[in-house]
Structures are given as C-alpha cells and as structure tokens.
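Below is one structure; the comments refer to it alone.
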Amino acid sequence: MKDNFSFAATSRNITSSLPFDNLNATGTNESAFNCSHKPADKHLEAIPVLYYMIFVIGFAVNIVVVSLFCCQKGPKKVSSIYIFNLAVADLLLLATLPLWATYYSYRYDWLFGPVMCKVFGSFLTLNMFASIFFITCMSVDRYQSVIYPFLSQRRNPWQASYVVPLVWCMACLSSLPTFYFRDVRTIEYLGVNACIMAFPPEKYAQWSAGIALMKNILGFIIPLIFIATCYFGIRKHLLKTNSYGKNRITRDQVLKMAAAVVLAFIICWLPFHVLTFLDALTWMGIINSCEVIAVIDLALPFAILLGFTNSCVNPFLYCFVGNRFQQKLRSVFRVPITWLQGKRETMSCRKSSSLREMDTFVS
C-alpha cells in the first residue's frame, strides 16, 4: 500500500521513531511539517549495536530471575510472584529488540511483512506497559510490608493471582491502539516499507498527540505518582523508628533500595516521556520551532534506548541485591559462586516488625 508523504513530514517522523509508535506516516499539522531538515542517519549507526547489547545483557539477567523462581521450592511469596512477572514482561520486551535493531540497520525498511509489524509492534508496547505496571505493583507491595507489617505477613499467593491477570489485562488494553493502527506503508522518496502507526490522514495530528499523551499518563505520570508516594511513605515511616546497630544498617539499606527504584525509573523513562510530550505539542501546533523538532528527532532514538535499559536494571533492583541470592543461585545451578561470597553477621538485636518484614526485600 502506498501513501503520499511530504518530505518534511516523512523526515520528521522517520528520524523520531520506531518501537513506541513515534514512527508515523503523514499528518495535518502543517506548522510541524514546514521544517525541511533531512533524516540524520549517522547518529543512528550505533543504535543497532546498542540494541543487541541490551538484548544480550537483559535477556541473560532476566533468565536467571525466571530460573530462580521456577526452581524455588515451597510456596511462592507475593513479592516473588510480582518479580517473576516483571522478569517475564522484560524478557518478552527484550525479545523484540533484534527485529528493531535490524529495522534501524536497514534505515527503517521493514523486512518482515505487515503481520509481523503489527504483532511485534503490539508485543513491544504491551510488555513495556506490563513491565512498568509490575514495577508499580512492587512499590505498593513494599509499602504495605513496611507500613502494615502484621497484615502483610498474612498475605497469600492467591492474592497475587488476582492482581497479576489484572495487570496483564491493563497492559493489553494499553497496547490496543498499536495493534489496530500499526502497519507497513511505503515511503517512496526513501524507497522503504516502514512499520508505522497508520492513523487516518484526516485526523492524523489528533491521533498522534492523543497516543503520545496516553503513553505519558499511563506509562509514566501515574506509575511515578504511585512509586514516589510509596517511597516517601516508607522513608517517613522508617525514619520515625528508633533503630540502633544492625537494625539501623538494615533500615538504611531499605531506604537506599527504595530510593534506587525511584531514581532508576526516572532516569530510564523521563527523557523518553519528555520528548514524547514535546512531540505531542508539535502535533497540537503549540510548538512550531524547527529547532525543537530537530532536537526531538535527534534525541528520541537514544531516549527509547535508555528506556530499554530499565529491563536490564530491574533484576538488580529486585532480585540480585538480596543476602540470599548467592544461596538461591547455587541451589539452582549447582556451582560455587565465589564472586558472590561474603561474610555476613547475624543480627543480635531484635528488629522491629517493619524492618523484619522489609528485610525480606534485601535478603
């Protein structure tokens, strides 16, 4: 199928693009299309290599998390169930990266047909939302463990069986626009068949802005509100606790880990969502500066790349930092892990209920 694309519109969207629905086809916002900068290819040459690096590292560490969960004997904790589903979402997201790396390598020429374009575009969006939603669930679960320790000790795995399907359903619903609109279109002046969001031409600007704002709200603003609120709640509660000796060390570890979760989420996803929001403003005609559009085009592929690194960081934030990680790893793979060995003293003083419950997240 062929569409008519203006040089400026195509240039803008080709360079701003790909997995997260920012690679679009045409539009009606004339002010955004009066910029005649050409697609910049040189700065994209490193992107496929970086995609493969993230794929290899992220796939390896998340496979370890899934293996630990599957080989774990006895009843599973609620937090472990969330961590497992987070790792699965990250694995599925990372599994699509080789295709998008190939897409970049061929300068946005999609080689895998329209069905694969729709499926893998939707697959990526679905698991991006699922990963973010499970990070939010983990933050809420940790908050409950600290603020309501006795109540949280009564949690049963079946409670997570209600939350997990709900999260996956929400992720599926969030990816429906991608599934509906993602398709292959021919861009004649570039000589490529691009995998794009094929919105109706007469309402292209409205759809583009709406989808961008949806990603901002569902994929960043709402999760960040929950994650940050839980962190400050944990911090306020623990700082009120009189802790001494080893109890204080545990408290400080918990606070550092909670802060690391917030910082990792912001560092990995804020650049992408800021650029996505600016892109929405250009579609709405609020931003008409060619310089701003050029910056969006240049920076967005790297912001997307930074967002993908969150899938590599998650296992270290939620699994690998624990005191019992070495024992779990050795029990699964039956090999000595000397590089993880270290002396740990047993706590001699009694912990408060909050710290004792929260210690399960650093053990």
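Just so it is clear, glycine is given a Cβ too, placed from its N, Cα and C backbone atoms.
The disulfide entry in Swiss-Prot for CYS195 points, among CYS117, CYS290, CYS312, to CYS117. Segment annotation: Swiss-Prot labels region 'Helix VIII' over residues 324-333 (candidates 4-13, 174-183, 184-193, 324-333). Stretch with the largest number of CB pairs closer than 8 A to the transmembrane segment (115-140), among 46-70, 160-181, 207-232, 258-281, 295-320: 160-181.
With CYS117 (disulfide bond) as the anchor, the candidate binding-site residues are TYR104, TYR204, LYS215, ASP279, and the one with the nearest CA is TYR104. Put simply, of 160-181, 258-281, 295-320, the stretch with the most CB pairs closer than 8 A to the transmembrane segment (46-70) is 295-320. Beyond the transmembrane segment (258-281), the same-chain residues lying 6 or more positions past its ends with a Cβ under 8 Å from any Cβ of the stretch are 16, 20, 22, 132, 135, 138-139, 142, 208-209, 212-213, 215-216, 219-221, 223-224, 227-228, 230-231, 234-235, 287, 292, 296, 299-300, 302-304, 306-307, 309-310, 313-314, 317. In three-state terms derived from DSSP, CYS290 (disulfide bond) belongs to a helical segment. If you check the binding-site residues TYR103, TYR104, ARG182, LYS215, ASP279 against CYS195 (disulfide bond), the ones with a Cα inside 10 Å of its Cα are TYR103, ARG182. DSSP assigns ARG182 (angiotensin II binding site) to a strand segment in the three-state reduction.
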